[in-house]
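According to Swiss-Prot, the protein carries these features:
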{"type": "TRANSMEM", "residues": "6-26", "note": "transmembrane segment"}
{"type": "TRANSMEM", "residues": "37-57", "note": "transmembrane segment"}
{"type": "TRANSMEM", "residues": "63-83", "note": "transmembrane segment"}
{"type": "TRANSMEM", "residues": "118-138", "note": "transmembrane segment"}
{"type": "TRANSMEM", "residues": "155-175", "note": "transmembrane segment"}
{"type": "TRANSMEM", "residues": "181-201", "note": "transmembrane segment"}
{"type": "TRANSMEM", "residues": "207-227", "note": "transmembrane segment"}
{"type": "TRANSMEM", "residues": "228-248", "note": "transmembrane segment"}
{"type": "TRANSMEM", "residues": "341-361", "note": "transmembrane segment"}
{"type": "TRANSMEM", "residues": "378-398", "note": "transmembrane segment"}
{"type": "TRANSMEM", "residues": "410-430", "note": "transmembrane segment"}
Amino acid sequence: MSLMQFSGLLVVWLLSTLFIATLTWFEFRRVRFNFNVFFSLLFLLTFFFGFPLTSVLVFRFDVGVAPPEILLQALLSAACFYGVYYVTYKTRLRKRVVDVPRKPLFTMNRVETHLTWVILMGIALVSVAIFFMHNGFLLFRLHSYSQIFSSEVSGVALKRFFYFFIPAMLVVYFLRQDSKAWLFFLVSTVAFGLLTYMIVGGTRANIIIAFAIFLFIGIIRGWISLWMLAAAGVLGIVGMFWLALKRYGLNVSGDEAFYTFLYLTRDTFSPWENLALLLQNYHNIEFQGLAPIVRDFYVFIPTWLWPGRPSIVLNSANYFTWEVLNNHSGLAISPTLIGSLVVMGGALFIPLGAIVVGMIIKWFDWLYELGNREPNRYKAAILHSFCFGAIFNMIVLAREGLDSFVSRVVFFLVVFGASLLVAKLLFWLFDSAGLIHKRTTSLPQAQVEGKL
(Lines of atoms letter the chains of each structure in order from A and count residues from 1; the text may use other names and numbers.)
(Lines give C-alpha, C1' and ligand atoms only; values in the text may rest on other atoms or scores of the structure.)
Protein backbone atom coordinates (compact mmCIF):
# COMPACT_ATOMS: atom_id res chain seq x y z
CA MET A 1 0.00 0.00 0.00
CA SER A 2 1.44 3.36 -1.05
CA LEU A 3 1.15 6.54 0.99
CA MET A 4 -1.19 8.01 -1.63
CA GLN A 5 -3.53 5.01 -1.38
CA PHE A 6 -3.37 5.16 2.40
CA SER A 7 -4.22 8.89 2.32
CA GLY A 8 -7.32 8.19 0.24
CA LEU A 9 -8.43 5.45 2.62
CA LEU A 10 -7.74 7.73 5.57
CA VAL A 11 -10.02 10.46 4.15
CA VAL A 12 -12.86 7.97 3.62
CA TRP A 13 -12.31 6.54 7.10
CA LEU A 14 -12.34 9.98 8.71
CA LEU A 15 -15.51 11.08 6.88
CA SER A 16 -17.31 7.80 7.64
CA THR A 17 -16.29 7.84 11.30
CA LEU A 18 -17.28 11.50 11.65
CA PHE A 19 -20.65 10.78 10.01
CA ILE A 20 -21.54 7.92 12.37
CA ALA A 21 -20.00 9.51 15.47
CA THR A 22 -21.91 12.78 14.90
CA LEU A 23 -25.27 11.03 14.60
CA THR A 24 -24.46 8.94 17.67
CA TRP A 25 -23.45 12.02 19.67
CA PHE A 26 -26.71 13.83 18.85
CA GLU A 27 -28.68 10.76 19.87
CA PHE A 28 -26.68 10.48 23.09
CA ARG A 29 -27.35 14.15 23.92
CA ARG A 30 -31.05 13.55 23.30
CA VAL A 31 -31.65 10.37 25.31
CA ARG A 32 -28.31 9.58 27.01
CA PHE A 33 -28.86 5.89 26.33
CA ASN A 34 -30.90 3.69 24.06
CA PHE A 35 -30.05 0.65 21.98
CA ASN A 36 -29.50 2.79 18.90
CA VAL A 37 -26.65 4.52 20.76
CA PHE A 38 -25.26 1.15 21.85
CA PHE A 39 -25.49 -0.40 18.39
CA SER A 40 -23.94 2.69 16.79
CA LEU A 41 -20.94 2.53 19.13
CA LEU A 42 -20.68 -1.20 18.55
CA PHE A 43 -20.82 -0.65 14.78
CA LEU A 44 -18.08 1.98 14.97
CA LEU A 45 -15.96 -0.37 17.05
CA THR A 46 -16.46 -3.33 14.72
CA PHE A 47 -15.94 -1.68 11.33
CA PHE A 48 -13.83 1.44 11.97
CA PHE A 49 -11.77 1.04 15.14
CA GLY A 50 -9.51 -1.47 13.41
CA PHE A 51 -8.39 0.80 10.56
CA PRO A 52 -5.68 2.64 12.57
CA LEU A 53 -4.47 -0.69 13.95
CA THR A 54 -4.27 -2.14 10.45
CA SER A 55 -2.39 0.94 9.25
CA VAL A 56 0.27 0.57 11.95
CA LEU A 57 0.59 -3.14 11.18
CA VAL A 58 1.10 -2.36 7.48
CA PHE A 59 3.61 0.49 7.80
CA ARG A 60 5.40 -0.57 10.98
CA PHE A 61 5.51 -4.35 10.55
CA ASP A 62 4.93 -4.71 6.79
CA VAL A 63 1.89 -6.97 7.30
CA GLY A 64 0.05 -7.97 4.13
CA VAL A 65 -3.58 -6.88 3.78
CA ALA A 66 -6.24 -6.86 1.09
CA PRO A 67 -5.69 -4.48 -1.87
CA PRO A 68 -6.53 -0.81 -1.15
CA GLU A 69 -9.55 -0.84 -3.49
CA ILE A 70 -11.00 -3.76 -1.50
CA LEU A 71 -10.37 -1.97 1.79
CA LEU A 72 -12.13 1.06 0.29
CA GLN A 73 -15.13 -1.11 -0.60
CA ALA A 74 -15.23 -2.42 2.97
CA LEU A 75 -15.23 1.11 4.45
CA LEU A 76 -17.84 2.40 1.99
CA SER A 77 -20.12 -0.61 2.45
CA ALA A 78 -20.02 -0.10 6.23
CA ALA A 79 -20.83 3.61 5.90
CA CYS A 80 -23.68 2.95 3.45
CA PHE A 81 -25.04 0.18 5.67
CA TYR A 82 -25.18 2.54 8.62
CA GLY A 83 -26.88 5.24 6.55
CA VAL A 84 -29.68 2.86 5.50
CA TYR A 85 -29.91 1.50 9.05
CA TYR A 86 -30.22 4.99 10.55
CA VAL A 87 -32.93 6.09 8.11
CA THR A 88 -34.86 2.89 8.85
CA TYR A 89 -34.49 3.36 12.59
CA LYS A 90 -35.73 6.96 12.45
CA THR A 91 -38.60 6.33 10.02
CA ARG A 92 -42.09 5.98 11.50
CA LEU A 93 -44.62 4.06 9.45
CA ARG A 94 -47.48 5.29 11.61
CA LYS A 95 -48.10 8.32 13.76
CA ARG A 96 -47.24 8.23 17.42
CA VAL A 97 -50.46 7.90 19.39
CA VAL A 98 -51.05 8.92 22.96
CA ASP A 99 -50.72 5.91 25.20
CA VAL A 100 -54.11 4.46 25.99
CA PRO A 101 -54.66 2.02 28.84
CA ARG A 102 -54.34 -1.54 27.57
CA LYS A 103 -54.59 -4.85 29.30
CA PRO A 104 -50.99 -5.84 30.03
CA LEU A 105 -49.65 -8.98 28.40
CA PHE A 106 -48.29 -10.12 31.76
CA THR A 107 -47.77 -8.81 35.27
CA MET A 108 -45.15 -9.53 37.90
CA ASN A 109 -45.17 -9.46 41.67
CA ARG A 110 -42.33 -9.51 44.19
CA VAL A 111 -42.19 -13.28 44.68
CA GLU A 112 -42.42 -14.08 40.95
CA THR A 113 -39.61 -11.64 40.19
CA HIS A 114 -37.29 -13.08 42.82
CA LEU A 115 -38.11 -16.61 41.67
CA THR A 116 -37.24 -15.58 38.10
CA TRP A 117 -33.74 -14.37 38.88
CA VAL A 118 -33.09 -17.35 41.13
CA ILE A 119 -34.12 -19.71 38.30
CA LEU A 120 -31.91 -17.87 35.78
CA MET A 121 -28.98 -17.98 38.18
CA GLY A 122 -29.66 -21.65 38.89
CA ILE A 123 -29.58 -22.46 35.18
CA ALA A 124 -26.16 -20.82 34.84
CA LEU A 125 -24.63 -22.28 38.00
CA VAL A 126 -25.89 -25.82 37.41
CA SER A 127 -24.62 -25.71 33.81
CA VAL A 128 -21.20 -24.50 34.98
CA ALA A 129 -21.06 -27.18 37.67
CA ILE A 130 -21.91 -30.01 35.25
CA PHE A 131 -19.42 -28.71 32.67
CA PHE A 132 -16.74 -28.49 35.36
CA MET A 133 -17.41 -32.03 36.57
CA HIS A 134 -16.94 -33.30 33.02
CA ASN A 135 -13.89 -31.22 32.05
CA GLY A 136 -12.30 -29.49 35.05
CA PHE A 137 -10.37 -26.25 34.46
CA LEU A 138 -9.70 -26.38 30.72
CA LEU A 139 -7.49 -23.28 30.83
CA PHE A 140 -4.84 -25.33 32.61
CA ARG A 141 -5.43 -28.58 30.72
CA LEU A 142 -5.54 -27.68 27.04
CA HIS A 143 -2.48 -26.77 25.00
CA SER A 144 -4.29 -24.62 22.39
CA TYR A 145 -7.54 -22.67 22.31
CA SER A 146 -8.86 -24.63 19.31
CA GLN A 147 -8.97 -27.77 21.49
CA ILE A 148 -12.06 -26.31 23.16
CA PHE A 149 -14.02 -27.32 20.06
CA SER A 150 -12.52 -30.81 19.82
CA SER A 151 -13.93 -34.16 20.97
CA GLU A 152 -11.72 -33.95 24.07
CA VAL A 153 -14.24 -31.53 25.59
CA SER A 154 -17.68 -32.85 26.53
CA GLY A 155 -20.87 -30.96 27.30
CA VAL A 156 -20.06 -28.07 24.96
CA ALA A 157 -23.79 -27.30 24.59
CA LEU A 158 -23.90 -26.32 28.28
CA LYS A 159 -21.82 -23.19 27.54
CA ARG A 160 -24.89 -21.58 26.00
CA PHE A 161 -26.55 -21.50 29.42
CA PHE A 162 -23.65 -19.85 31.28
CA TYR A 163 -24.68 -16.41 30.08
CA PHE A 164 -27.99 -16.42 31.99
CA PHE A 165 -26.12 -15.46 35.15
CA ILE A 166 -25.93 -11.89 33.81
CA PRO A 167 -29.71 -11.39 33.30
CA ALA A 168 -30.23 -12.84 36.79
CA MET A 169 -27.92 -10.23 38.31
CA LEU A 170 -29.54 -7.54 36.17
CA VAL A 171 -32.90 -8.29 37.80
CA VAL A 172 -31.24 -7.93 41.21
CA TYR A 173 -29.78 -4.57 40.18
CA PHE A 174 -32.96 -3.16 38.63
CA LEU A 175 -34.96 -3.98 41.75
CA ARG A 176 -32.78 -1.57 43.75
CA GLN A 177 -30.95 0.65 41.24
CA ASP A 178 -28.50 2.20 43.69
CA SER A 179 -24.72 2.43 43.60
CA LYS A 180 -24.27 -0.58 45.91
CA ALA A 181 -26.38 -2.78 43.64
CA TRP A 182 -24.43 -1.42 40.65
CA LEU A 183 -21.08 -2.37 42.18
CA PHE A 184 -22.47 -5.74 43.30
CA PHE A 185 -23.48 -6.40 39.70
CA LEU A 186 -19.92 -5.69 38.52
CA VAL A 187 -18.21 -7.82 41.18
CA SER A 188 -20.57 -10.79 40.86
CA THR A 189 -20.67 -10.93 37.06
CA VAL A 190 -16.95 -10.34 36.51
CA ALA A 191 -16.13 -12.97 39.16
CA PHE A 192 -18.45 -15.40 37.38
CA GLY A 193 -16.87 -14.43 34.05
CA LEU A 194 -13.37 -15.16 35.37
CA LEU A 195 -14.59 -18.52 36.68
CA THR A 196 -16.03 -19.48 33.29
CA TYR A 197 -12.86 -18.17 31.62
CA MET A 198 -10.82 -20.72 33.58
CA ILE A 199 -13.33 -23.54 33.24
CA VAL A 200 -14.04 -23.14 29.52
CA GLY A 201 -10.43 -22.43 28.64
CA GLY A 202 -10.30 -18.82 27.50
CA THR A 203 -13.81 -17.59 26.67
CA ARG A 204 -13.87 -13.87 27.50
CA ALA A 205 -17.44 -13.04 26.40
CA ASN A 206 -19.01 -13.01 29.87
CA ILE A 207 -16.32 -10.65 31.20
CA ILE A 208 -16.58 -8.22 28.27
CA ILE A 209 -20.38 -8.11 28.38
CA ALA A 210 -20.59 -7.70 32.15
CA PHE A 211 -18.11 -4.82 32.04
CA ALA A 212 -19.93 -3.16 29.11
CA ILE A 213 -23.33 -3.36 30.82
CA PHE A 214 -21.81 -1.99 34.03
CA LEU A 215 -20.43 1.02 32.14
CA PHE A 216 -23.66 1.77 30.30
CA ILE A 217 -25.69 1.58 33.49
CA GLY A 218 -23.21 4.03 35.01
CA ILE A 219 -23.67 6.39 32.05
CA ILE A 220 -27.47 6.19 32.31
CA ARG A 221 -27.46 6.92 36.04
CA GLY A 222 -24.79 9.62 35.78
CA TRP A 223 -22.37 7.75 38.02
CA ILE A 224 -19.58 7.89 35.45
CA SER A 225 -18.67 10.60 32.93
CA LEU A 226 -17.57 10.25 29.33
CA TRP A 227 -13.87 10.61 30.18
CA MET A 228 -14.27 7.86 32.77
CA LEU A 229 -15.95 5.73 30.11
CA ALA A 230 -13.01 6.33 27.77
CA ALA A 231 -10.52 5.43 30.51
CA ALA A 232 -12.49 2.28 31.29
CA GLY A 233 -12.46 1.42 27.60
CA VAL A 234 -8.67 1.64 27.49
CA LEU A 235 -8.46 -0.48 30.63
CA GLY A 236 -10.83 -3.00 29.05
CA ILE A 237 -8.69 -3.24 25.90
CA VAL A 238 -5.56 -3.87 27.97
CA GLY A 239 -7.41 -6.41 30.11
CA MET A 240 -8.74 -8.31 27.10
CA PHE A 241 -5.23 -8.35 25.60
CA TRP A 242 -3.81 -9.86 28.78
CA LEU A 243 -6.55 -12.51 28.85
CA ALA A 244 -5.88 -13.27 25.19
CA LEU A 245 -2.19 -13.81 25.94
CA LYS A 246 -3.12 -16.27 28.66
CA ARG A 247 -5.66 -17.96 26.41
CA TYR A 248 -3.17 -18.57 23.61
CA GLY A 249 -0.22 -19.20 25.94
CA LEU A 250 1.85 -16.36 24.46
CA ASN A 251 4.96 -14.93 26.12
CA VAL A 252 6.05 -11.85 24.17
CA SER A 253 8.09 -8.70 24.76
CA GLY A 254 9.45 -5.68 22.89
CA ASP A 255 8.37 -5.20 19.26
CA GLU A 256 6.79 -8.63 19.26
CA ALA A 257 4.55 -7.61 22.18
CA PHE A 258 3.46 -4.44 20.34
CA TYR A 259 2.77 -6.40 17.16
CA THR A 260 0.79 -9.01 19.11
CA PHE A 261 -1.18 -6.29 20.88
CA LEU A 262 -2.14 -4.68 17.57
CA TYR A 263 -3.39 -7.77 15.80
CA LEU A 264 -5.09 -9.33 18.84
CA THR A 265 -6.87 -6.06 19.66
CA ARG A 266 -7.95 -5.70 16.03
CA ASP A 267 -9.23 -9.27 15.84
CA THR A 268 -10.97 -9.03 19.22
CA PHE A 269 -12.74 -5.71 18.82
CA SER A 270 -12.70 -4.81 15.13
CA PRO A 271 -12.50 -7.72 12.65
CA TRP A 272 -13.21 -5.36 9.74
CA GLU A 273 -10.52 -6.95 7.56
CA ASN A 274 -12.62 -10.13 7.47
CA LEU A 275 -15.22 -8.17 5.50
CA ALA A 276 -12.45 -7.07 3.12
CA LEU A 277 -11.38 -10.70 2.65
CA LEU A 278 -14.94 -11.66 1.78
CA LEU A 279 -15.19 -8.84 -0.75
CA GLN A 280 -11.82 -9.85 -2.19
CA ASN A 281 -13.19 -13.37 -2.80
CA TYR A 282 -16.63 -12.14 -3.84
CA HIS A 283 -16.53 -13.94 -7.20
CA ASN A 284 -15.90 -17.28 -5.47
CA ILE A 285 -18.83 -17.09 -3.06
CA GLU A 286 -21.85 -19.30 -3.63
CA PHE A 287 -24.63 -17.25 -2.09
CA GLN A 288 -26.37 -19.25 0.63
CA GLY A 289 -29.66 -17.37 0.81
CA LEU A 290 -31.43 -17.65 4.17
CA ALA A 291 -30.11 -21.18 4.74
CA PRO A 292 -27.40 -20.06 7.26
CA ILE A 293 -30.15 -18.71 9.55
CA VAL A 294 -31.94 -22.08 9.52
CA ARG A 295 -28.71 -24.06 9.86
CA ASP A 296 -27.59 -22.06 12.87
CA PHE A 297 -30.52 -23.50 14.83
CA TYR A 298 -29.10 -27.01 14.38
CA VAL A 299 -26.67 -26.55 17.28
CA PHE A 300 -29.61 -26.15 19.67
CA ILE A 301 -31.15 -29.50 18.69
CA PRO A 302 -29.74 -32.42 20.73
CA THR A 303 -28.61 -35.51 18.84
CA TRP A 304 -30.96 -37.75 20.84
CA LEU A 305 -33.85 -35.73 19.42
CA TRP A 306 -32.41 -35.65 15.88
CA PRO A 307 -30.04 -38.60 15.43
CA GLY A 308 -29.25 -37.57 11.86
CA ARG A 309 -28.35 -33.99 12.76
CA PRO A 310 -25.40 -32.73 10.67
CA SER A 311 -22.24 -32.64 12.76
CA ILE A 312 -20.98 -29.65 10.75
CA VAL A 313 -23.19 -26.54 10.67
CA LEU A 314 -22.57 -24.42 7.57
CA ASN A 315 -23.59 -21.01 8.88
CA SER A 316 -22.03 -17.84 7.47
CA ALA A 317 -19.07 -17.95 9.90
CA ASN A 318 -18.18 -21.53 9.01
CA TYR A 319 -18.72 -20.87 5.30
CA PHE A 320 -16.32 -17.92 5.51
CA THR A 321 -13.77 -19.95 7.49
CA TRP A 322 -13.87 -23.16 5.45
CA GLU A 323 -14.86 -22.15 1.94
CA VAL A 324 -13.38 -18.65 1.64
CA LEU A 325 -10.30 -18.84 3.88
CA ASN A 326 -9.80 -22.62 3.54
CA ASN A 327 -9.10 -22.66 7.27
CA HIS A 328 -9.86 -25.97 9.01
CA SER A 329 -8.17 -25.33 12.35
CA GLY A 330 -11.41 -25.86 14.28
CA LEU A 331 -12.03 -22.16 14.98
CA ALA A 332 -14.83 -20.23 13.30
CA ILE A 333 -13.63 -16.79 12.14
CA SER A 334 -16.11 -13.92 12.45
CA PRO A 335 -17.41 -12.67 9.08
CA THR A 336 -19.01 -9.56 10.69
CA LEU A 337 -22.62 -8.48 10.19
CA ILE A 338 -22.08 -7.13 6.68
CA GLY A 339 -19.94 -10.15 5.78
CA SER A 340 -22.73 -12.53 6.75
CA LEU A 341 -25.12 -10.61 4.50
CA VAL A 342 -22.61 -10.90 1.63
CA VAL A 343 -22.43 -14.67 2.18
CA MET A 344 -26.22 -14.94 2.17
CA GLY A 345 -27.06 -12.77 -0.82
CA GLY A 346 -24.19 -10.61 -2.01
CA ALA A 347 -24.24 -6.83 -2.25
CA LEU A 348 -28.04 -6.77 -2.65
CA PHE A 349 -28.48 -8.13 0.86
CA ILE A 350 -26.48 -5.29 2.46
CA PRO A 351 -29.24 -2.60 2.27
CA LEU A 352 -31.93 -5.21 2.96
CA GLY A 353 -30.02 -6.35 6.03
CA ALA A 354 -29.63 -2.74 7.17
CA ILE A 355 -33.41 -2.33 7.06
CA VAL A 356 -33.92 -5.52 9.07
CA VAL A 357 -31.34 -4.47 11.67
CA GLY A 358 -32.96 -1.03 11.94
CA MET A 359 -36.29 -2.69 12.75
CA ILE A 360 -34.64 -5.02 15.29
CA ILE A 361 -32.96 -2.17 17.19
CA LYS A 362 -36.19 -0.16 17.06
CA TRP A 363 -38.04 -3.09 18.68
CA PHE A 364 -35.50 -3.32 21.50
CA ASP A 365 -35.79 0.43 22.11
CA TRP A 366 -39.58 0.13 22.20
CA LEU A 367 -39.28 -2.61 24.82
CA TYR A 368 -36.76 -0.54 26.78
CA GLU A 369 -39.08 2.49 26.79
CA LEU A 370 -41.93 0.22 27.86
CA GLY A 371 -39.86 -0.72 30.89
CA ASN A 372 -39.09 2.94 31.62
CA ARG A 373 -42.80 3.80 31.64
CA GLU A 374 -43.89 0.72 33.60
CA PRO A 375 -45.27 1.68 37.05
CA ASN A 376 -44.86 -1.88 38.37
CA ARG A 377 -41.20 -1.96 39.42
CA TYR A 378 -41.08 -5.75 39.33
CA LYS A 379 -42.26 -5.94 35.75
CA ALA A 380 -39.96 -3.04 34.84
CA ALA A 381 -37.00 -4.97 36.31
CA ILE A 382 -37.86 -8.01 34.16
CA LEU A 383 -38.22 -5.91 30.98
CA HIS A 384 -34.95 -4.07 31.59
CA SER A 385 -33.15 -7.30 32.43
CA PHE A 386 -34.32 -8.82 29.16
CA CYS A 387 -33.23 -5.78 27.13
CA PHE A 388 -29.80 -5.40 28.73
CA GLY A 389 -29.33 -9.15 28.77
CA ALA A 390 -29.76 -9.11 24.99
CA ILE A 391 -26.65 -6.92 24.65
CA PHE A 392 -24.65 -10.10 24.16
CA ASN A 393 -26.85 -10.96 21.18
CA MET A 394 -26.24 -7.51 19.69
CA ILE A 395 -22.49 -8.06 19.97
CA VAL A 396 -23.03 -11.37 18.17
CA LEU A 397 -25.03 -9.48 15.53
CA ALA A 398 -22.20 -7.04 14.80
CA ARG A 399 -19.35 -9.57 14.92
CA GLU A 400 -20.78 -12.92 13.85
CA GLY A 401 -23.66 -11.92 11.61
CA LEU A 402 -27.42 -11.96 11.24
CA ASP A 403 -27.76 -15.75 11.18
CA SER A 404 -25.96 -16.23 14.51
CA PHE A 405 -27.95 -13.37 16.04
CA VAL A 406 -31.34 -14.81 15.07
CA SER A 407 -30.66 -18.25 16.54
CA ARG A 408 -29.19 -16.86 19.75
CA VAL A 409 -31.88 -14.27 20.37
CA VAL A 410 -34.58 -16.91 19.85
CA PHE A 411 -32.75 -19.21 22.28
CA PHE A 412 -32.42 -16.36 24.79
CA LEU A 413 -36.12 -15.52 24.43
CA VAL A 414 -37.18 -19.15 24.93
CA VAL A 415 -35.05 -19.72 28.05
CA PHE A 416 -35.92 -16.33 29.56
CA GLY A 417 -39.63 -16.83 28.82
CA ALA A 418 -39.57 -20.38 30.21
CA SER A 419 -37.98 -19.07 33.41
CA LEU A 420 -40.80 -16.54 33.76
CA LEU A 421 -43.44 -19.23 33.25
CA VAL A 422 -41.79 -21.57 35.77
CA ALA A 423 -41.59 -18.71 38.29
CA LYS A 424 -45.29 -17.98 37.85
CA LEU A 425 -46.14 -21.68 38.16
CA LEU A 426 -44.10 -21.98 41.37
CA PHE A 427 -45.79 -18.88 42.78
CA TRP A 428 -49.20 -20.38 42.01
CA LEU A 429 -48.25 -23.66 43.70
CA PHE A 430 -46.83 -21.89 46.77
CA ASP A 431 -49.85 -19.61 46.96
CA SER A 432 -52.25 -22.55 46.65
CA ALA A 433 -50.39 -24.30 49.47
CA GLY A 434 -50.77 -21.21 51.66
CA LEU A 435 -47.04 -20.51 51.75
CA ILE A 436 -47.32 -16.97 50.36
CA HIS A 437 -48.22 -14.25 52.84
CA LYS A 438 -48.68 -10.58 52.11
CA ARG A 439 -46.15 -8.27 53.69
CA THR A 440 -47.57 -6.20 56.53
CA THR A 441 -45.94 -2.91 57.46
CA SER A 442 -45.84 -2.40 61.21
CA LEU A 443 -46.36 1.07 62.62
CA PRO A 444 -43.52 2.76 64.50
CA GLN A 445 -43.55 2.09 68.25
CA ALA A 446 -44.37 5.72 69.11
CA GLN A 447 -47.46 5.67 66.88
CA VAL A 448 -48.57 2.36 68.34
CA GLU A 449 -48.30 3.69 71.90
CA GLY A 450 -50.25 6.80 70.91
CA LYS A 451 -53.11 4.70 69.62
CA LEU A 452 -53.38 2.64 72.82
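Each Cβ is built from the backbone N, Cα and C atoms, and glycine gets one as well.
The stretch from 6-26, 118-138, 341-361, 378-398, 410-430 with the most CB pairs below 8 A to the transmembrane segment (207-227) is 378-398. Scored by C-beta pairs under 8 angstroms, the transmembrane segment (181-201) has its highest count with 118-138, from the stretches 6-26, 118-138, 410-430. Take the transmembrane segment (118-138) and the stretches 37-57, 63-83, 341-361, 378-398, 410-430: counting Cβ pairs under 8 Å, 410-430 has the most. Below 8 A, the CB atoms of the transmembrane segment (63-83) and the transmembrane segment (410-430) form no more than two pairs separated by six or more positions in the chain, fewer than 3 in all. Here the transmembrane segment (410-430) has long-range neighbours at 106, 109, 111-113, 115-116, 119-120, 123, 160-161, 163-164, 167, 297, 300, 382, 386, 389-390, 392-393, 436, meaning same-chain residues at least 6 beyond its ends whose C-beta is under 8 angstroms from one of its own.
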